[in-house]
Amino acid sequence: MAFAGVLNDADVKAALAGCSAADSFDHKKFFKACGMSGKSADEVKKAFAIIDQDNSGFIEEEELKLFLQNFSAGARALTDKETKTFLAAGDSDGDGKIGVDEFAALVKA
């Protein structure tokens, strides 16, 4: 798991189970359930770097779609609706992607 040593495996499994059905993903509930919302700024930045698969410095829509798979390879992809909702929640400057500061604000919201 990409977050081994940072997040508790049992918490991640429970968080993933809580959004296993299509259109059931809620980023606030997920970040709280997996323990990410309680992590330090540095740990949140490390998580951002894992999710930013192409190392562009931003999390784009395609990376958000595969967000849950960063936590478990067998996790489902987000639906288009979930992806767009997640992007809208995090994209505070309207550029169509989520930067590290926007991600940190999303995690702590």
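Quick reminder: no glycine exception, Cβ is built from N, Cα and C everywhere.
As given in TrEMBL:
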type	residues	note
BINDING	Asp52, Asp54, Ser56, Phe58, Glu63	Ca(2+) 1 binding site
BINDING	Asp91, Asp93, Asp95, Lys97, Glu102	Ca(2+) 2 binding site
DOMAIN	39-74	domain 'EF-hand'
DOMAIN	78-109	domain 'EF-hand'
Binding-site residues (Asp54, Glu63), the one with most neighbouring Cβ atoms at 10 Å: Glu63
Relative to the Cα of Lys97 (Ca(2+) 2 binding site), which of the binding-site residues Asp52, Asp54, Phe58 have a Cα no more than 10 Å away? Phe58
Inter-residue Cα distance where the pair is Asp54 (Ca(2+) 1 binding site) and Glu102 (Ca(2+) 2 binding site), in Å: 18
Could you round the CA separation between Asp54 (Ca(2+) 1 binding site) and Asp93 (Ca(2+) 2 binding site) to a whole angstrom and send it over? 21
Across all the protein chains here, work out how many other Cβ atoms are within 10 Å of the Cβ of Glu102 (Ca(2+) 2 binding site). 19
Looking at the domain 'EF-hand' (78-109) alone, can you tell me the average pLDDT? 96
Counting only residues 6+ apart in the same chain, whose Cβ is under 8 Å from the Cβ of Asp95 (Ca(2+) 2 binding site)? none
Please give me the CB contact count at 10 A for Phe58 (Ca(2+) 1 binding site), counting all chains in the structure. 18
May I have the list of same-chain residues other than Asp52, Asp54, Ser56, Phe58, Glu63 whose Cβ is within 8 Å of the Cβ centroid of the recorded Ca(2+) 1 site, in sequence order? Ile51, Gln53, Asn55, Gly57, Ile59, Glu60, Lys97
